[in-house]
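Colleague: Got these off Swiss-Prot a minute ago, pasting:
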- 50-238: domain 'BPL/LPL catalytic' (DOMAIN)
- Arg89, Gly90, Gly91, Glu92, Phe93, Thr94, Tyr95, His96, Ala169, Ile170, Gly171, Gly182, Ile183, Ser184: substrate binding site (BINDING)
- Lys166: site 'Lowers pKa of active site Cys' (SITE)
- Cys200: active site, acyl-thioester intermediate (ACT_SITE)
Amino acid sequence: MQHTSRDHLSYNFKTTAPHPPVEWKISDGLVEYPEALRYMQKRVENIYAKIAHEQVWLLEHPSLYTAGTSANKNDLLIPHVFPVYEAGRGGEFTYHGPGQRIAYIMLDLKRRKQDIRAFISALEQWIIQTLAQFNIKGERREDRIGVWVVRPDRPSIISGIPAEDKIAAIGIRVRKWISFHGISINVDTDLTHYSGIVPCGITNHGVTSLLDLGLPITIHDVDNALKKAFEQIFGPTIDVS
């Protein structure tokens, strides 16, 4: 296991004072990306105005690509296969689509910890603890945000370094110390759809999913694992429709 400078950061992102539980919202079906973006932006405004609570929103999108603020246009290899959206989040190009669980995280970091680097580390830990419930060892990397799995079953791309694939991506934005956008975990995603981009600008490593790792796990199973791990790191939740 590789160690990173983020390993020492605290994974406790619970509120520093008593606070209502985080709303836990799950949407069935596919949510169009512009609709999700509008929802998040409005929610951030309302959290800042103290007329809405923090929320985690679990959903799936139809197949599409999003470009983060660091995206290189040359990394969009096949521009017309799926819609492409400017996301406004950090990061580069990524794919979203059916079979991928997205969790948009709208939290007030002023009530928790005003440290974006530590927040990203906590999000990574959330994913790592989620995957551990399925006996998958997820790892972070010093120079790559997200969560990775080592693939000893595959040939090395870089001599002397075991192959590894990305199973979960992180891309956030923080406005007035309120986070939005979030994480995505590949459950049974069609991995061929990543061929239209250079995912997150990384060429030396691939992508994987729970199904690709030999685990035919349902989205519902992943949701339960996400909730358990989230509450360990960020505090209690309450289900909302």
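Every residue number used here counts from 1 along the chain in the order it is shown.
Cβ atoms are placed via backbone N, Cα and C, with glycine included.
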Colleague: Would you mind pulling the DSSP three-state label for Gly171 (substrate binding site)?
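Modeller: DSSP call for Gly171 (substrate binding site): strand.
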Colleague: Pairwise over Arg89, Gly90, Gly91, Glu92, Phe93, Thr94, Tyr95, His96, Ala169, Ile170, Gly171, Gly182, Ile183, Ser184, annotated as binding substrate, what's the top Cα to Cα distance to the nearest Å?
Modeller: 15
Colleague: How many whole Å apart are the CA atoms of Phe93 (substrate binding site) and Lys166 (site 'Lowers pKa of active site Cys')?
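Modeller: Given the Cα positions, Phe93 (substrate binding site) is 14 Å from Lys166 (site 'Lowers pKa of active site Cys').
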